[in-house]
């Protein structure tokens, strides 16, 4: 319990010396009071001097005693507070960081009445040296006087206003910043004009404030000029406090239209679920990084953006600093790049050429065609592999040398062929075209590889075709000369035979018939050679399939090796069909050649014919029209190796062959298919591997009453020997023929029936002879091939003199006239060789014809 006062009566005070009681009261800092009897003045003075606070008579009324005690306690409290204040002021005057002073107005200036040591140190003096001394006598420096002048001005302002004033001031002497407060001292009984001064050094605070202002200014400048859309928004409502210029440009709103509003109010978020995820992440982590979302501009355009945000506090307001990077164009560009990359890969994988990219012998890219060439499932199986993995062992050194030379910048072949080895060990010849390019400062090689096996086959086929064309031209030329010889043999033998008939010698008649038969067979052989050499154009007529097969047997037998047996099974009385016998014969020969090739170890080749109907369906298709009617069927069967289903499906493709390179062009069966299809027919094959094949060719049979080309009926007068007679007026004939025997034969035949003949041995001579007496000639017989002026030129020149003159054209060929202009202008065409009877029939038709120009 705290003691507020000690009260003693006189007897108690006598028990202890008075100084002891006083010492106790002083230690407890409480007043000491003594109650006693009547005291004289000297005793009272002694007690008070000894330290007693107060004395009172014991007769004093109790209220008054209590009042005296309360006064003593209050006096002690006030004394204690005074001492504390004095101690506080003493501490301020010595060590307080604040600058404290009291200045009094004296005359025209002010005098320090109090100043603490901290303030006095600014003047380089102690407080005692400054208090009471006029300022002008202190010997202050110019800068110190300037600071004092400022303080005096503010002291006068405080006295004038009668209240405290404050200001911030930078000292001219020290360049430090101070916050000063000047307050007039107004106390009762104080008549002087004094001002208390409180000065705080705020240099550090001012510097921090300045740095903060500068930082804010720098931030604002960056905030406004940064090219990324940036905004400051409140949390959690997202109200805009500020936005930069990039933000307004992106969204199309002005800054004034955005401040104070939210993105939700403006409809800037396209997808509400994206906004929810964004704020959830911001609340959970205090930041958001690379958030992708859709935004909507003022004009309704939809874009894509990447948002990043961080939370911060402005004043006491929680906010977010959000940065929005527009990636709409970049996304469109990426999409276009992705699409182009897809196109690029699709194009590269669609090409038939293999394409690889090499990085110093290593494959870094390969397309699908390379995988097919190499025989792997995917191109990725080759990426990272050494390029040598695709080469045959004997090619590796050469190809490595080419690659190394290119990588060193040296010359190497740009296009070359090499042998590649597939994954299964088989080889293929490839053509490789190599070029180089740079990417990222690094050199790469791009190689385009092409399978040239097919090209080599085609080249060999083309060479074979050229060879066959040469053979055909040679055969045609030989056949022409043979026809001239045979025409002479056949014609003269027939004339001799007629003259010898008067001798009635059977043996001689037999000899002549043998000569004529041999000549006719030779003529047929030459005709077949011409057809086989393709010297004749297609000529449709009524065809007997059995007759064509029998005519073809001569050629078929020449194809058969000794270990192959030929069997025929021809159905009699087959209905005819319309076609070209020579082309049908080519179909038979090609099929028989193919059958022979399928029987390398020998076997049986069977040719058959029959009447049939077209199947209702073929290859899953329903047939209709002509193909659904009756037909004649040719079968060519062999007992050879047969074929599998894959081969059967491609057997009629051009250049498809299972033979070794050089053994066949792969055109035979495709020609068969083309001829049969052109005749309105069908061709198919049945085959079992190891058990042979059977080709069936069907041609539409002619309906009843329908025929092909028929010979022109003759209505001519004949001699008793059956020789046609020319009209009486036609007695002079011009023969233009470079072969003397043929010219002599024509002359003999025509003379025999009483006609006159003029012979010319070349085209120019023929025109000259005709020009001598054009009205006398009733007929011209000329060969298609003549020296100096060919048959066409000769015919045209003759008709300039007599346009209506009939012209009979003869030739050992047929193609050059049946397809050319000479054929069109000839009155009658006759192919060599022929008998005298045939010649005279043709002459009679020519003279009686109206086909003249």
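Positions of Cβ are set from backbone N, Cα and C atoms, glycine also.
The domain 'PAS' annotation in TrEMBL covers 237-283 (among others).
The domain 'PAS' feature in TrEMBL is assigned to 355-410 (among others).
Sequence annotations record features per position, and here TrEMBL assigns domain 'PAC' to 414-464. In the domain 'PAC' (414-464), helix, strand and coil residues by DSSP number 12 helix, 30 strand, 9 coil.
Marked as domain 'Histidine kinase' by TrEMBL: 477-703.
Annotation source TrEMBL lists domain 'Response regulatory' at 732-847. Across the domain 'Response regulatory' (732-847), DSSP assigns 55 helix, 24 strand, 37 coil.
Taken from TrEMBL, the feature 4-aspartylphosphate covers 783. Spatially close to residue 783 (4-aspartylphosphate) yet at least six residues away along the chain are 736, 737, 738, 739, 742, 791, 809, 810, 811, judged by Cβ distances under 8 angstroms.
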Counts of helix, strand and coil residues, the domain 'PAS' (237-283), according to DSSP: 27 helix, 7 strand, 13 coil
Average pLDDT across the domain 'Histidine kinase' (477-703), rounded to a whole number: 76
